[in-house]
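**Q** Okay, these came from TrEMBL:
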TRANSMEM  6-23  transmembrane segment
TRANSMEM  55-74  transmembrane segment
TRANSMEM  86-105  transmembrane segment
TRANSMEM  120-141  transmembrane segment
TRANSMEM  162-182  transmembrane segment
TRANSMEM  202-225  transmembrane segment
TRANSMEM  281-299  transmembrane segment
TRANSMEM  333-350  transmembrane segment
TRANSMEM  362-382  transmembrane segment
TRANSMEM  583-603  transmembrane segment
TRANSMEM  615-636  transmembrane segment
Amino acid sequence: MKYFYNMKPSCFGFPISIFFIVINEFCERFSYYGMRAVLVLYFKFFLHWDDNLSTVIYHTFVALCYLTPILGAIVADSWLGKFKTIVSLSIVYTIGQVVMAIGSINDLTDHNRDGTPDVLSVHIALSVVGLILIAFGTGGIKPCVAAFGGDQFEDDQEKQRSMFFSIFYLSINAGSLISTIVTPILRGEECGIHTKQRCYPLAFGVPAALMAVALVVFITGSSMYKKVLPQGNIMVRVSKCIAFAVKNRFQHRSKQVPKREHWLDWASEKYDNRLITQTKMVLRVLFLYIPLPMFWALFDQQGSRWTLQATTMDGDFGAIQIQPDQMQTVNPILIIVMVPVVDTVVYPLIKKCGISFTPLRRMTVGMFLAAMAFVAAALVQVQIDKTLPVFPVAGQTQIKVINLDTAEAEVNFGPGLHNVHLPSQGETDYFTLDTASLNALTVSFGNLTKSKTLTALGQNRYTLEIKNDNGNIIDTLVNVQTCSASNYTAFEKGTKEIVAVTNGSKCQQQSMPFGFGSAYTIIINECGSSGLKMRYIKDIPPNTVHMAWQIPQYFLMTCGEVVFSVTGLEFSYSQAPSNMKSVLQAGWLLTVAVGNIIVLIVAGASKLDKQWAEYVLFASLLLAVCIIFAIMGYFYTYVDPAEVEAQLDEEETKKKKEMEIGKEGTAYENGDIAKVSQTEM
């Protein structure tokens, strides 16, 4: 292996360069997980995508983040080297985060200053470009940073290298945990130039700033790094070996050609026995990877479906108000607690009970626990659905009527449709009408009647306000979702001070407490010497299912992650040759990418009307895959790569000696012939 470095300063036995790498990793993970924590809510509430499209785009992004590490590893090992790859792609990464932050600025296209973007396509384009750049940046540097940190140590610093990796992964979890707490709080703030909106620019801007800090810190330590020159990528060699074996076998498919013990043996004409044997070992593990994407399909929905589920729940934890996207912090918190508990308590207890809890059995249990987490999520969703309002579907319109007058009123929507009688200052709940039949309405206050033609009513909710103004019936039909005159104003749960100014009089009053997810229409009846008199009309009731009910599903999923993910990496490394670790790392990351692709396919193609049914579908699929994996694991034979490599070393040494003896024998025979020839002469 070739290096390019001078003697480097150290601190407590550690190269000073690793401190720059650890800080860089903390900032980068803060940037990535902070941005990702609020991403699905940004799609839904800023870009106004529905739940399915938000989920599809979210998992497309995550899948791309786990596909690009393969490219990053090849570029680093075959062309630029780790240092230049990290710097180059970190610049791309930072630009992507900045573009995301710019794309989330509401005032960028809000020319009429009504609080909503006028050209949403501009924000969508910027967001997509930003996400693509981020995916290539974070994915490209993912396989390089940890390996680059390991390169900083000498061969006799094994203990320090091991401690570095512990600190390195601690920085990952710290960055993830802190950012998942902080960025949802930033998102919940209100900011803007002309109108105040949820502060997505700040929620994306802080991660962008942290990524810029990560880049600057990493470059600052440049002179202290030990830089390994590119030596070629083992994944490329393995791929070429497999491709040659398949091609050679296809070219010799005749029955007259003798069969070989393994199909990879057809690569022996071009590649040495060591590479072929090592590739066989790797392929045995990669074959076991085939069912694994289904686990990640469920696991990564914590940031999409589970976060969307939390938006319909009550986040009041007493002194703490939890945002829906902050519930994701339950996972890293439980990870920090569960990993040492499982390693020091659970596994030893299982061993004392005489149970053979092999790595593949642990992974099977992890898949089962993840499936149970989705069963728990489905049960919670069933309870949530009981509390949610029913919105109109295609061909339907919903109307609520509010009587602003002190007299009784009648509202008739036509023959065979809903007729409404309202008492003084009364109102109805939303009721559903057939849109095609809804052409006109008639409002009556005693003998006073007024008719109105209705046009262009769609699949929306409308509020009809009626009042008798000195013999002139005033009726206002407004779409409370789109009409600028009656837009809802979003703010945090609790009470707010309401200020009204009418005819020069200013009145103010503390509002009633508003709950999570609720929507109210506030009628200002009077503002004068007697103060402010208001009337509250409940349009959507507050969420009543508490977010704490999500904790069981997070607990089950985290337990599944501990026994699946940690064990899976440990098993993979234990079954692979020393120089093939990167191949298995690429394969493991690929299973995460495929898992997210499964989610976007199911979310895009699913015709299930109920979210709980989709949760049950995913749980059922994972249970089926779990059974298949258990069968595959039962027939798997564990190997010791060190023994296999020692055997290969012995065979190569023996072969080398035989070749040397053969050369000496040939030289001896040639010498005898020469002597005979001289004698005869």
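Glycine is no exception: its Cβ is also placed from the backbone N, Cα and C atoms.
Walk me through the surroundings of each of these features.
**A** Sequence-distant contacts of the transmembrane segment (86-105) (same chain, at least 6 residues past either end, Cβ-Cβ under 8 Å): 28, 31, 35, 42, 46, 72, 76, 80, 122-127, 129-138, 140-141, 144-145, 148, 200-201, 203-205, 207-208, 211-212, 214-215, 218-219.
A Cβ distance under 8 Å defines the sequence-distant neighbours of the transmembrane segment (162-182), meaning residues of its chain 6+ beyond its ends; these are 14, 18, 21-23, 25-31, 33-34, 37, 146, 149-150, 152-153, 206-207, 210, 325-326, 328-329, 332-333, 335-336.
Through the fold, the transmembrane segment (202-225) approaches residues 5, 8-9, 15-17, 19-21, 23-28, 30-32, 34-35, 38, 42, 83, 86-87, 90-91, 93-94, 97-98, 100-101, 104, 148, 152, 179, 182-184, 186-187, 189, 191 of its own chain, all at least 6 residues removed from its boundaries and within a Cβ separation under 8 Å.
Packing against the transmembrane segment (281-299) from elsewhere in the chain are residues 238, 242, 264, 360, 366-367, 370-371, 373-374, 557, 560-561, 564, 568, 571-572, 575-577, 580, 583-584, 587-588, 590-592, 594-599, 602, 618-619, 621-622, 625-626, 628-629, 632-633, 636, 639, 641, 644: each is 6 or more residues past its ends and has a CB under 8 Å from a CB in it.
Sequence-distant contacts of the transmembrane segment (333-350) (same chain, six or more residues past either end, CB-CB distance under 8 Å): 173, 177, 357, 554-555, 558-559, 561-563, 566.
Same-chain neighbours of the transmembrane segment (362-382): 294-295, 298-299, 305-306, 309, 545, 549-550, 552-554, 556-557, 559-565, 567-568, 571, 610-613, 615-616, 618-620, 622-623, 625-626, 629-630, 633, counting only residues six or more beyond its ends whose CB sits under 8 Å from a CB of the stretch.
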**Q** So if I exclude everything within five residues of the ends of the transmembrane segment (583-603), which remaining residues of that chain have a CB under 8 angstroms from its CBs? That is, six or more out.
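**A** Same-chain contacts beyond the flanks: 52, 55-56, 59-60, 62-67, 69-70, 73, 142-143, 234-235, 238, 282, 285-286, 289, 292-301, 304, 568-569, 572-573, 576, 614, 617-618.
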**Q** When you scan the chain for residues with a C-beta under 8 Å from the transmembrane segment (615-636), skipping those not six or more beyond its ends, what do you find?
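**A** For the transmembrane segment (615-636), the nonlocal Cβ contacts are 284, 287-288, 291-292, 294-295, 297-298, 301, 305, 358, 360-361, 363-364, 367-368, 370-372, 374-375, 377-378, 381, 602, 606, 608.
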